[in-house]
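*Asks:* Annotations for this protein, taken from TrEMBL, read as follows:
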- 31-52: transmembrane segment (TRANSMEM)
- 73-97: transmembrane segment (TRANSMEM)
- 117-141: transmembrane segment (TRANSMEM)
- 153-179: transmembrane segment (TRANSMEM)
- 199-217: transmembrane segment (TRANSMEM)
- 246-271: transmembrane segment (TRANSMEM)
- 283-301: transmembrane segment (TRANSMEM)
Amino acid sequence: MADPSLQSLCCLTTSNRSQQYQLLELHQSGYYGLSLASAIVGFLGSVYQLNLRYAAPFPRYQYFNVGLRGNNILFWLALADTFAAFGLTVRSTGWFLSQNYWSMHSSNVLHSPMNPLFCSIISGWIQFSYTSSHLWTLVYAIDVRRITFDQPFAAPVYHICAWGGAVALCIVGLTLLYLPGYGSSDTFVMLLPNHVVTYFPLVLTCLACPFLFMSAFRQAEISLTRRYARYTTTERRLVDSLKLKFILIVSVFYLCWMPNVVNGLVLWISWYKLPVTWVLANWYLMALLNPLQGVFNIMLYRIPKRRQPRSQLQGWFASLQIRKIEPQEETPLLL
């Protein structure tokens, strides 16, 4: 799953585990197996969607077909989901392989398959990937609204906000978490900055997407009325179908990530007296749902018509064929 609490477990030894850490240490085969299986399914779904969207034509101009405009954003969203699912697969595999090692060498974690350095790197990769995934989802909602207002496609700005914003947030959170000498005697204070920068894009996307889509719906109704000077059953059905699609998009995003939001609230509200059973059950739910976002996106977002890639040799033969069938007249043929 993608939760900042797991990053805090990377540098633990038997001498610095608090009561809260002992709760969050899930050295259980069932949890590792569920995390690994869900991560593999999510990785395959993201790769499948990535392949379909890569085969679709990419736009070259600011104003172009609306479907291709959305496909451009969804391609990068699928890429971020692929990166995240790959990281989850690697980390889950490392946990699985480290179970027996930890049981026999609990005091020597540096040489385990999941040593602190590798754990920190792969956890940071997962945080970066899912942060950019949340931001690309937000960018998609913003661009849908911009389409209804006939505004151009701002690809450079989108990339800076999604990738650059994810890099900036991860650097701040992970630096304050792992920086030597920064550690506080209070675990609550030490973990708070990384949790804030992790949950900020998630909560922002959850809150902003519904309002952006509602604003797009209102503007779409106005635009259709102005363009056709009417708003009949046909236009109403078109808008209703779009509403249903975007309601499903928001609902699936909430389904995959609302357990993380709830977990963060419960964890910080009840830090000194955690409901053990409830927290563990919610962690299993997050391990199951977080990686499946890439699979659900296949069913939610329309895949544009595939382009047929041609090699340079095929293109050369095609050009020769066109030249052979071209008429040899100086003037065009009359129809």
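The count begins at 1 with the first shown residue.
Cβ coordinates are placed from backbone N, Cα and C, and glycine is handled just like the others.
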*Asks:* Check the transmembrane segment (117-141) against the transmembrane segment (199-217) for contact, please; criterion is three or more CB pairs under 8 Å, pairs 6 or more apart in sequence.
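*Replies:* These two stretches do touch.
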*Asks:* Which sequence-distant residues neighbour the transmembrane segment (73-97)? Criterion: at least 6 residues beyond either end, Cβ under 8 Å.
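*Replies:* Sequence-remote neighbours of the transmembrane segment (73-97) are 1-2, 29, 32-33, 35-36, 38-40, 42-43, 45-47, 49-50, 53-54, 58, 113-114, 118-119, 122-123, 125-126, 128-130, 132-133, 136-137, 139-140, 143, 158-159, 162, 290-291, 293-294, 297, 301.
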*Asks:* Counting only residues 6 or more past its boundaries, what in the same chain has a CB within less than 8 Å of a CB in the transmembrane segment (31-52)?
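*Replies:* For the transmembrane segment (31-52), the list is 1, 74-75, 78-79, 81-82, 84-86, 88-89, 91-93, 95-96, 99, 283-284, 287-295, 297-298, 301, 303, 306.
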